[in-house]
Amino acid sequence: MSQLCVALKHPRLVDRTFLARPQHEGFGAVVRRSIGRYELKYFDPFLVLDEFFVTAPAGFPDHPHRGFETVTYMLQGAMTHEDFQGHKGTIGAGDLQWMTAGKGIVHSEMPASHGTQHGLQLWINLSSKHKMIEPRYQEVHNNDVVEAKKDGVKVRVIAGEAMGARSPIYTKTLTMYLDFTLDPGSHIEQSIPMGWNAFVYVLEGEDGVFGSMKSMPIASHHIVLLGNGDGLEAWNKSSSEVLRFILVGGEPLNESVVQMGPFVMNTEEEIDQTIEDFENCTNGFERAKHWSSQA
């Protein structure tokens, strides 16, 4: 059995797992939502995790955000993004867009190719001191995503560090985001800072074992919430199929969360002010007054 060892002293065990079932979102799109639904409203600092499937004419037409970051990671196909600041571009398979909405963004996300567009979108909360910062983008092309390979394991480092490879992405909220692919029979140990909340989401494979050799195998489209510890052990028990999953961790903000759809603040008064700002096109939403996307 191949192995990558970082000498974990207190491996994290599986705390909870459940299947992300399909639901409709946006305009005709289908998502498997694992964070941000009734079983798991919030996993500090993570607000939403969607595995999305979009076929034209479905998509996510013009809509606002305030108070958090969205991370879009394409697995198949392509999506075109356009916002009221004039930022426009297309992200294809393997590409990454890390968008800090901050004080306000209005944008659209629509299919850019035929067939089904498949990807992940993660919403990461911002602390109260960062909620009203200026919006910004960090975009990384597929070929520029940092990767490492060893002993039957490949990792794409979206944020943070793994197997000696470090992502250039800067995160306002301390976050790690790793895309692992394990060949049959391979095993990893990946460190995670103590005190961070962390989860696994399985993208491919039926025989992923996490936390302990005694754990039950977990199949694709399941989220695995991890207990505390200094890292994760994972095994691909299949003799013929690869196992692909993301490992995501973040430092909890430990702040109150008040959410109304695409607005996430700390108090009801701040949500009321955000709605007023959006409706009146003020305080960050000025450009929304005469803007609509071309999608």
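Any Cβ shown, glycine's included, is placed from N, Cα and C.
Feature annotations, courtesy of TrEMBL:
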- HIS63, HIS65, HIS107, GLU109: Fe cation binding site (BINDING)
- 31-124: domain 'Pirin N-terminal' (DOMAIN)
- 177-284: domain 'Pirin C-terminal' (DOMAIN)
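Under a cutoff of 8 A between CB atoms, and with a sequence separation of 6+ in the same chain, the neighbours of HIS65 (Fe cation binding site) are ALA101, GLY104, ILE105, VAL106, HIS107, PRO262, PHE263. Around GLU109 (Fe cation binding site), the C-beta neighbours below 8 angstroms that are at least 6 residues distant in the chain are GLY59, PHE60, THR72, MET79, THR80, HIS81. Cβ atoms within 8 Å of the centroid of the Cβ atoms of HIS63, HIS65, HIS107, GLU109 (the Fe cation site) belong to the same-chain residues PHE60, ASP62, PRO64, THR70, HIS81, ASP83, ILE105, VAL106, SER108, PRO262, site residues excluded. Look at the Cβ of each of the binding-site residues HIS63, HIS107 and count the other Cβ atoms within 10 Å; the largest number goes with HIS107.
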